[in-house]
Amino acid sequence: MRKILVTNALPYANGPIHMGHLLGYIQADIWVRAMRAMGHDVTYVCADDAHGTAIMLRAEANGISPEKQIANVQQEHIRDFDGFGVHFDHYDSTHSAENKVRSEDIYLKNREAGNIAVRPITQLFDPEKQMFLSDRFIKGTCPKCKAEDQYGDACEVCGTTYNATELLNPRSTLSGATPVEKSSDHYFFKLPNFGEYLQKWTRDEGRLPVSIANKLDEWFEAGLADWDISRDAPYFGFEIPDAPNKYFYVWVDAPIGYMSSFENYIKAKRPELNFDDYWKKDSQNEVYHFIGKDIVYFHALFWPAMLEGANYRTPSGLFVNGFLTVNGQKMSKSRGTFIKAETYLQHLNPEYLRYYFASKLSDKVEDSDLNLDDFVQKVNSDLVGKVVNIASRCAKFINSSFNNTLSANCAEPELVQSFIDAGDSIAQAYEAREFSAAIREIMALADKANQYIDEKKPWALAKQEGQEQQVHNVCSVGINLFRQLAIYLSPVLPTLAAQVQAFLQLESFDFASRQQILLAHEIAQFQPLMQRVDPKAVAAMVDASKDSLAATAEAPKAEKKKEKKVEKKPEPKVGEAEIIGIEDFIKVDLRVALVQEAATVEGSDKLLQLTLDVGEAEPRNVFSGIREFYQPEDLKGKLVVMVANLAPRKMRFGISNGMVLAAGNGDGVWVISPDSGAKPGDKVS
C-alpha cells in the first residue's frame with residue numbers, strides 16, 4: 001500500500017469558484033478516489049490562498065477586515081467544492097498560525113544557508129494611498145510603441161518588457177494619482193544558486209510532463225534571476241522575521257500552505273500520521289501537486305528550490321492541467337459562459353460535469369472545451385442511455401418476479417469475467433490520469449452489456465411460458481455487469497456509486513470487491529438513479545450567469561477618486577516620424593512566416609500566442625497584441641511578415657522570439673501578409 005499526499009492549487013480568497021477552477025479540482029478528486037479504490041492510503045488537502053494586496057483592497061472596498069473577507073470566501077469555497085463532490089480531507093487557510101511558523105522556518109533556514117539577499121530597489125509609490133504599487137496596479141504608456149493603457153511590467157501590444165518606472169504617463173489604478181519613485185530595501189531569494197539542481201530536478205522521470213520540462217528550458221537558457229520575496233507595508237500577510245514592515249510575497253507562503261494544511265489535518269483528524277514521514281528529506285512517501293499550467297513557474301522552480309534550501313523533500317510530481325474554454329471560446333460574462341460553481345449547482349447535477357470533464361482529461365497539458373451541446377448529448381447518451389439503462393432494464397424483473405434476489409448461478413461466466421478483467425487496464429488508466437481512456441473503455445463495456453440484453457430480450461422471454469429461469473439468469477447477469485460499470489465509474493461519479501451500492505446492498509464498492517460475482521444476492525427496490533440533462537436547464541444556467549453579471553454591474557460601487565485623464569498622443573503623420581539611415585534599416589531582418597498554430601493567452605485580453613514557421617529547424621513562439629482583431633482560427637495557415645532578429649523578450653506568459661508586423665489607424669489592425677508564392681523564411685526587402 002502506497003502512502004500518498006495530494007494537494008490542489010490553492011484558490012485565491014478573493015472571489016468565487018467557477019468552471020475554469022473546477023477542471024483541476026475535479027481532476028484531482030477523481031485521481032484521489034481512484035487511488036483509494038485501488039487500496040492506497042491517500043490524504044487530500046487544500047487551503048485558501050489568503051494573502052496579498054488584492055485581498056487587502058477587496059476587504060477595504062467591502063468595509064470589512066481582511067480576516068473577515070477571507071473567512072467569508074472560505075465558507076463559499078468549501079460549499080462549492082462540497083457541491084461538486086470534491087472531498088478534501090482538510091481545507092485550511094494560508095492565514096494560519098501553523099503556516100506562519102512553517103514559512104518563517106523555511107525562510108530562516110534559507111537565510112542561514114546563504115540563499116537570501118537584501119538590496120534597495122526603486123518602485124512606484126502612490127502618494128494618495130500611501131503604498132508601493134505592484135505592476136498590476138500601474139498603467140501607462142508603453143515606452144517602446146507608445147501604446148496606452150499598458151500594465152507596469154509588459155506591453156500587450158508590442159510585447160516589450162520593462163520596469164514600471166519606465167512607463168510613460170504612469171498612473172495608479174487604485175487612486176488615479178501620478179505615482180512617484182521611492183527606494184526601499186527588498187529581500188531576494190537567490191534562485192540562481194539552484195540552477196544546476198533545478199535543471200536536473202525538472203528532468204527527473206515522472207516529475208513533470210515532458211512538454212512542461214521543455215518549456216522550462218527557456219528559462220534556464222535565459223538565465224535564472226533572484227526572486228523578490230518581499231512586499232512593503234501596508235500588506236496583508238506574514239511579516240518577515242527581523243524585517244519590520246516587510247512582508248512575505250504571497251507566493252512564498254502560498255505553497256507552504258500545502259505543508260501547514262497537512263499539519264493541521266494531522267492535529268485535527270489523524271494524529272497517528274507523522275508530518276516528517278511525508279516531508280523530511282529522505283521521505284519515501286509520495287507527494288503530488290495538481291496545478292494549472294499558468295502557475296508552473298512557481299511550482300517547478302521557486303517551490304522546489306525553497307524546499308531544497310531548507311532541507312525538506314520536494315514533490316514527487318506536478319500534474320498539470322490546461323485551461324477551460326466554453327463552446328470553443330474563452331469564458332465570457334457577456335455570453336453567460338463565465339459560469340460560477342454556485343450558479344451551475346442551482347440548475348444541474350454536478351455529476352454531469354464530473355463525467356464530462358473526465359471524458360476529456362488525459363495526462364497531457366491540453367486545454368479542455370466545455371461544449372454545452374456536446375455536454376447534453378454525451379451525458380444523456382452515455383450515463384442515462386447506456387449505464388443506468390442496464391439497471392433499469394433488469395432490476396424490474398428481479399424486484400417483481402424473483403423476490404429481489406439474483407440467480408444462484410451465473411449463466412455467462414466468461415462475459416462477467418471479461419468485465420472483471422477489464423478493471424486492471426481501467427485502473428492503470430486512472431493511475432496514469434488518462435481519464436478519457438478509462439471512460440472510453442467503460443463505455444465500450446456498457447455497449448457490450450446492452451448488446452447482451454438486447455440479444456437475450458428478457459422482456460420477450462418473460463411472456464413465454466417456462467422461461468422464468470432464463471429471465472432470472474439474463475437479468476442477474478445484467479445486474480452483475482452493471483455493478484462492474486458502477487465500480488469503475490465510482491471515482492468519477494461518487495454520488496451515483498453510493499446510490500448503486502445501496503441498491504445492491506453491498507458493504508464494499510472498491511476495485512478489489514469486483515472480483516466476487518453476486519450470486520443468490522438480495523438487492524433493494526430499484527429507484528431511478530439519474531435523470532436526463534434538460535437543455536432548458538442548461539439555457540437557464542447560461543441566462544442566470546448573464547443575470548448575475550448584470551446584477552453585479554448595477555450594484556452600488558464604492559466611491560473612487562476619479563482617475564486623472566491621460567491625453568492620448570496622436571500617431572505621427574506620414575513624413576513626421578524620425579528619419580533613419582539605410583544603415584539602421586538594414587539591421588532589421590524581415591522574414592516571411594507561416595502561422596502553424598494560434599491560441600489565446602490566459603490572463604491577457606490583447607495577446608495571441610503564435611507558433612511560426614520561419615524556415616528554421618524549430619518553430620518560433622511569438623506573442624502578438626492582435627487578439628481584439630483576430631480569432632486564432634483566422635490566422636492558422638496564414639503567411640505573415642515578422643521581425644526575425646528582434647532580441648527574445650521574457651514576458652509573464654513566456655518568451656517571445658520576434659514580432660509580427662501589422663498596420664493600424666486607430667479603428668483596427670491588419671496583419672501584413674505577402675502574396676501567394678512567398679515561402680516561410682523568405683527575406684523581405
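Each residue, glycine too, has its Cβ placed from N, Cα and C.
Just so it is clear, the model here is predicted, and its values are computed rather than measured.
According to Swiss-Prot, the protein has these features:
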type    : residues                       : note
BINDING : CYS142, CYS145, CYS155, CYS158 : Zn(2+) binding site
MOTIF   : 330-334                        : motif ''KMSKS' region'
BINDING : LYS333                         : ATP binding site
DOMAIN  : 584-685                        : domain 'tRNA-binding'
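Location within the structure of each feature annotated in Swiss-Prot.
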{"residue": "CYS142", "record": "Zn(2+) binding site", "DSSP class": "coil"}
{"residue": "CYS155", "record": "Zn(2+) binding site", "DSSP class": "coil"}
{"residue": "LYS333", "record": "ATP binding site", "DSSP class": "coil"}
Set of same-chain residues at least 6 away whose C-beta sits under 8 angstroms from CYS155 (Zn(2+) binding site): CYS142, LYS144, CYS145, ALA147, THR161, TYR162, GLY625
Other CB atoms within 10 A, centred on CYS158 (Zn(2+) binding site): 19
Number of Cβ atoms other than its own within 10 Å, given for CYS145 (Zn(2+) binding site): 14
Cα-Cα distance linking LYS333 (ATP binding site) and CYS158 (Zn(2+) binding site), given in Å to the nearest integer: 27
Mean predicted confidence [pLDDT] for the motif ''KMSKS' region' (330-334): 84
For LYS333 (ATP binding site), the number of other Cβ atoms found within 10 Å of its own Cβ: 15
Residues within 8 Å of the CYS142, CYS145, CYS155, CYS158 Cβ centre (excluding the Zn(2+) site residues themselves): PRO143, LYS144, LYS146, ALA147, GLN150, GLU156, VAL157, GLY159, THR160, GLY625
The domain 'tRNA-binding' (584-685) - residue tally per DSSP class, helix then strand then coil: 6 helix, 45 strand, 51 coil
Protein Cβ atoms within 10 Å of CYS142 (Zn(2+) binding site), excluding its own: 23
